[in-house]
Amino acid sequence: MPTDHEEPCGPSHKSFCLNGGLCYVIPTIPSPFCRCVENYTGARCEEVFLPGSSIQTKSNLFEAFVALAVLVTLIIGAFYFLCRKGHFQRASSVQYDINLVETSSTSAHHSHEQH
């Protein structure tokens, strides 16, 4: 059903819309547009629209979202694990350095006492 600003297409655009779509023009816009009949969509009603396909698309979108959430969780977990592992290595390395310094100074102290 056309609005006040829409007019049916003239003979020059007779076959513009496909699959039974109705062609309309808006005088201020140079190109025509289509109002598609049921089960068709697209700029020129060129695509078949199956109601089940929208359900399938929603299902695929949900599956993609779940997969993305799992992937992000795994990445965060791996990052956390690596950071904690790196932190413990750094802490034990510092402890090793402190022990090495203490051992060295104790050894040096003992060697001075022996002379």
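Including glycine, each Cβ sits where the backbone N, Cα and C put it.
Database features, via Swiss-Prot:
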TOPO_DOM  1-62  topological domain 'Extracellular'
DISULFID  CYS9-CYS23  disulfide bond
DISULFID  CYS17-CYS34  disulfide bond
DISULFID  CYS36-CYS45  disulfide bond
CARBOHYD  ASN39  N-linked glycosylation site
TRANSMEM  63-83  transmembrane segment
TOPO_DOM  84-115  topological domain 'Cytoplasmic'
Any same-chain residues 6+ apart from CYS23 (disulfide bond) with CB under 8 Å of its CB? Would you list them in sequence order, or say none?
PRO8, CYS9, HIS13, LYS14, PHE16, CYS17, PRO32, PHE33, CYS34
Same chain, outside the transmembrane segment (63-83) by at least 6, Cβ under 8 Å from its Cβ: which residues?
none
Other CB atoms, at most 10 A from the CB of CYS9 (disulfide bond):
18
Cα of the residue listed as 'N-linked glycosylation site' to Cα of CYS45 (disulfide bond): how many Å, rounded?
9
At 10 angstroms around each C-beta, which of the recorded positions CYS17, CYS34, ASN39, CYS45 has the fewest other C-beta atoms nearby?
ASN39
List every residue in the same chain as CYS36 (disulfide bond), at least 6 positions away in sequence, whose Cβ is under 8 Å from its Cβ.
CYS17, ASN19, GLY21, GLY42, CYS45, PHE49
Would you identify the secondary structure of CYS34 (disulfide bond) according to DSSP, in three states?
strand
